[in-house]
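Student: Got these off Swiss-Prot a minute ago, pasting:
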| type | residues | note |
| --- | --- | --- |
| BINDING | 163-170, 188-192, 210-213, 279-282, 341-343 | GTP binding site |
| BINDING | SER170, THR190 | Mg(2+) binding site |
| DOMAIN | 1-156 | domain 'Obg' |
| DOMAIN | 157-360 | domain 'OBG-type G' |
Amino acid sequence: MFVDSVEIIIASGKGGPGMVSFRREKFVIKGGPDGGDGGDGGDVYFEVDNNTDTLASFRGTKHHKAKNGAPGGTRNCAGKKGEDKIIVVPPGTQVFVGDKLWLDLITPKERVLALKGGKGGLGNAHFKSATKQQPTYAQKGLEGVEKCVRLELKLIADIGLVGFPNAGKSTLISTISNAKPKIANYEFTTLVPNLGVVSVDEKSEFLMADIPGIIEGASQGKGLGISFLKHIERTKVLAFVLDASRLDLGIKEQYQRLRLELEKFSPALANKPFGVLLNKCDVVENIDKMAKDFCAFLNLEAQKLEAFGLEPYLGFLHPHLTSDFENNPNEKSALFVLPLSAVSALNTHALKFVLLEALP
């Protein structure tokens, strides 16, 4: 089950109390104080685990507390430190206290101290003085710290697929990656984001994210709305997946409506580098003309992707991807326009190389 938002309570451990004791040995009637210090309370850490991509493990487990420190012992023995609490989260997890962002956990294997445990109390050996040889007092341990926090997950991927419901995003990600999403011929088959690793060759791979289909008004929460748009905020490149076979809504209108929703949600998201995939091209007549017209619509001075072996359909790349073009392309310009068919795997092999080249 995919979960991307939970509220939990975290607490560090209480420090252990110091010990009140006196040295007792044979022939020693009144030994001095030898009470040990209490152990410090356990700390709370967040640790980023690259092997998980959901917060589902937190469902039903609201309280996450470190252990208390052990009491001090006799003969100046210090108490054991309380066991730390390690809270494992997926990359891209943000920790909020109220509405304020507290921690942003991105790097795999990163471990961040969230709460420090309470300090252990001092034993009575610390309170011996010239005027008080037999102190009967020891400190209590300090209390730990408790916080109510909200965990929000924003998936981290290199490529983010954006499109209307039933555009073929899930079929595409299942064709070129190791992801196995549910696929069916009706809208909103995909109800949660899917992540897939795309292997290009023995040395190169990248991570692709497929989010549920966007509808008009998604930026205001319609459909699956804002709850999933946030998952493409961290992607490096967006790939608009357009259904070239739709008769009721042309590819230009699809693109314009999708971009409008992104701009309403986040201007920074709308300004990310992007490319366009014209899916279901195997059932469209004169797909080459459609692709050329769409390039003209985008003001894209493009060239055929002969280097990537695209057959039998044309593909178009921004010159930035096919040469040592030193100047970065305009952020509003498409990096590629590529007809393909996810179902029949037409041009999907070449797509891997195109996407790899598009990554900064």
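Each Cβ is built from the backbone N, Cα and C atoms, and glycine gets one as well.
Walk me through where these features lie, including what they touch and how far apart they are.
Tutor: Under the DSSP three-state reduction, SER170 (Mg(2+) binding site) is assigned to helix.
Its Cβ taken as reference, SER170 (Mg(2+) binding site) is surrounded by 26 other Cβ atoms within 10 Å in the chains shown.
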Student: Per 10 Å Cβ neighbour count, which of the binding-site residues LYS169, LYS280 ranks highest?
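Tutor: Selected residue: LYS169.
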Student: Around SER341 (GTP binding site), how many other C-beta atoms are within 10 angstroms of its C-beta?
Tutor: 24
